[in-house]
Structure formats: structure tokens, C-alpha cells
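Enquirer: The structure is given below, and queries will be raised subsequently.
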Amino acid sequence: MNSSARTRRDLPESPYLAAVNGRKPHRVPVWFMRQAGRSLPEYRALRAQHDMLSACFDAELVCEITLQPVRRHDVDAAILFSDIVVPLLGAGIDLDIVAGVGPVIASPVRTAADVAAMKPLERQRVQPIADAVRLLVSALGEVPLIGFAGAPFTLASYLIEGGPSRHHARTKAMMLADPESWHTLMEKLTDITVGFLRVQLDAGVDAVQVFDSWAGALSLANYRSYVQPHSARVFAALADYGVPMTHFGVGTAELLGAMSAALKPAPATVVGVDWRTALADAATRVMPGTALQGNLDPVVLLAGWPVVETAARAVVDDGRRAVDAGAAGHVFNLGHGVLPETDPGVLTELVSLVHSL
């Protein structure tokens, strides 16, 4: 076992860690993807003084932003504030995060020569992330900290497309037309993802979540052939840390079984489910012993409290049916990230409701 796993915090009262490890929590655990973000006025006040990338590389800012939703909402887990492209910066990729657009890659990776020129992650480039984790482990008390990284496929899409994409056409075309370069690229990105998560795990995160945001653009056959082996290597490389690992993508109903299989080496496995798939149905698609996370539609939070309450109760009930159907546990979350226009008061009330059920 990795030496850091032996010194990790012992959090026996954590509902989140109980649920993902297959134990019965004393309350339904809840946290939100993108809980640290533009829905919070305190976050917007900080970001008015710092651009996104500067914020991601300032350990004290990362700590403060990560803590904000824990203080405000009483969520059962914190997730490290970062951006999916931070490890690419750690590997020397020239990029920027453009307001209203997202990550923009200065020189997209589209040829075998581009792939060959890619460099590995340099740990010293992402040292502020490790520093932030250490600050958070000290500040969070009994609340677990979830580490964060993008999966190789989603990172590949940003690199190939040059930024966010609706159809991922260049990505899929390269994957199919030049599989040798594709797999070489994915191997390099797998190493980058593993390295970035090792930095966080060595600093003390209690769990990790790997976001394959764009995997839903793929067929099951293409996912299995071109993506799953690389994602599986991420989780296998980190299994000796002994922490729970979550695998999440959007629009991945047909991929849930394969995404769950990729997690298999991990000691405790969780699959994130979006709002398109019932949790009880997802429980029949994933590997035995897998916990589920999700899956309230983020848009529901804009529809007024009566709608939110009804939908939240339905998700909790569905989570219980999922456990009855074989899921190891259920963590209440959204099916994707909190929308910027979400009223933070609704999120606070939602946490209180879920805890009461």
C-alpha cells in the first residue's frame, strides 16, 4: 500500500465515506458538482480580483474557494476547486481560459508529430495544488476532501478540438483514422492524469473523482476500444492508495457498465449518473458492489422550491431502490454541475431536506 494511504485522515463519522464504502450512513450524504463556483456571491467577489487560472494556482485561494460551500451549505464532502485543464498546464501545454468560452488551446494536438512533442506532467508546476490540499485537510475537520481530475478522453478532446466542442468531430475522426497516434496520445494523457491525482493523494485527499465529461459522445463499442483501457489504467495506477474513486460522465447511460468496469481495481467504486437514467436502472448496469452518485437535474433548482422538493424526494427514493437493487450505496448529487444562476439559498435548503429524509 502507498505510504500516504496509511497516514490519511480517519473519518469514521463521514456519511459520504460510509455510503461509498458500502456502509449505511447515518444520513443521506449530499454534495454538488461545481458547488464551489459562480452560484456563490462570495466566490464571485473573490473571482472579481483573480482570473480563473491564477485562482487555480494560488493555494490559499483554492483553499478558501473549496471551503465556501462547506461553510454555507453543510455539504458532506468538499471537492478541490480546480479546472479540468490544470494538469495540461502542468505538462507545459499553452492554454488560457477565456470568459464565455472556456479552455482554449494555443496549438491543438492533431498530428503524430504533435503527439510526439507532448511532455509529461512536472510535479513542481502543480505544487500549489498540493499546498492547497494540505491547507484543506487541516481546515476541513471531519469533512472529506475529494480530489479532482479530467479523464484522458475529455482532456484529449480539449487538446484536439482546441477548446470546448459540441460534436467532438475532430476528436472522433483522429481516433478512428489514426488509432496509433490516438492510443499514444491517450497513454500520455493517462500518465498526466495519474500524476496529477498522485499529487493530490500524496497531499492527503480522502477520495478522488475522475470527470469524463464528454464520454457520452461515444458509442459503447468505441468507448470500449479507444477509451476504457486508458481510463482503467488511471484507476489501477491509484488503487494502492486505498481511497474511494468516482467515475463520472454526462449522457453516459449506455456506458455505465463499461465505466464501472474501468473502476474495478479501486477498493471502493462509485459511478456518477446524470438525470437521464434512473438510479435504480443504473444499479442494474454497473458492476456489483458499485455505489451510485446523482442525479437531480441541475435545471430543477431554477424551478421553485415546491418543484425542487418533489424532485429531491424522488431522487432519494430512487437511490434507496438502487441500493435494494444491488448498489453499494447512494450519494445525493446533481446530474451535472450547479448552474451559475442557481440561488444558493435553494442549495442550502436542499441539503437540509436531503439530510432529513
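Just so it is clear, glycine is given a Cβ too, placed from its N, Cα and C backbone atoms.
Under the heading substrate binding site, Swiss-Prot lists R34, Q35, A36, G37, R38, D83, Y158, S213, H336, citing sequence analysis as support. For D83, the entry in Swiss-Prot reads site 'Transition state stabilizer', with the evidence type sequence analysis.
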Enquirer: Between A36 (substrate binding site) and D83 (site 'Transition state stabilizer'), how far is it from one CA atom to the other, in Å?
Expert: 11
Enquirer: Please work out the number of neighbouring Cβ atoms within 10 Å of the Cβ of D83 (site 'Transition state stabilizer'), leaving out its own Cβ.
Expert: 18
Enquirer: For D83 (site 'Transition state stabilizer'), which of the binding-site residues R34, R38, Y158, H336 has the nearest Cα in space?
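Expert: Considering only the listed binding-site residues, the nearest one is R34.
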Enquirer: Taking DSSP three-state, what's R38 (substrate binding site) in: helix, strand or coil?
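Expert: Once the DSSP labels are grouped into three classes, R38 (substrate binding site) ends up as coil.
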Enquirer: Look up Y158 (substrate binding site) in the DSSP assignment and report helix, strand or coil.
Expert: helix
Enquirer: Who sits close to Y158 (substrate binding site): which same-chain residues at least 6 apart have their Cβ under 8 Å from its Cβ?
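Expert: I84, V85, L88, P103, I105, G150, P164 - these are the non-local Cβ neighbours of Y158 (substrate binding site), listed in sequence order.
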Enquirer: Just how many other Cβ atoms lie inside 10 Å of the Cβ on A36 (substrate binding site)?
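Expert: A36 (substrate binding site) is surrounded by 26 other Cβ atoms within 10 Å.
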Enquirer: Between R34, R38, H336, which of the binding-site residues has its C-beta surrounded by the fewest other C-beta atoms within 10 Å?
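Expert: Checked R34, R38, H336; of these binding-site residues, fewest Cβ neighbours within 10 Å: R38.
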Enquirer: Translate the DSSP assignment of H336 (substrate binding site) into the three-state scheme.
Expert: coil
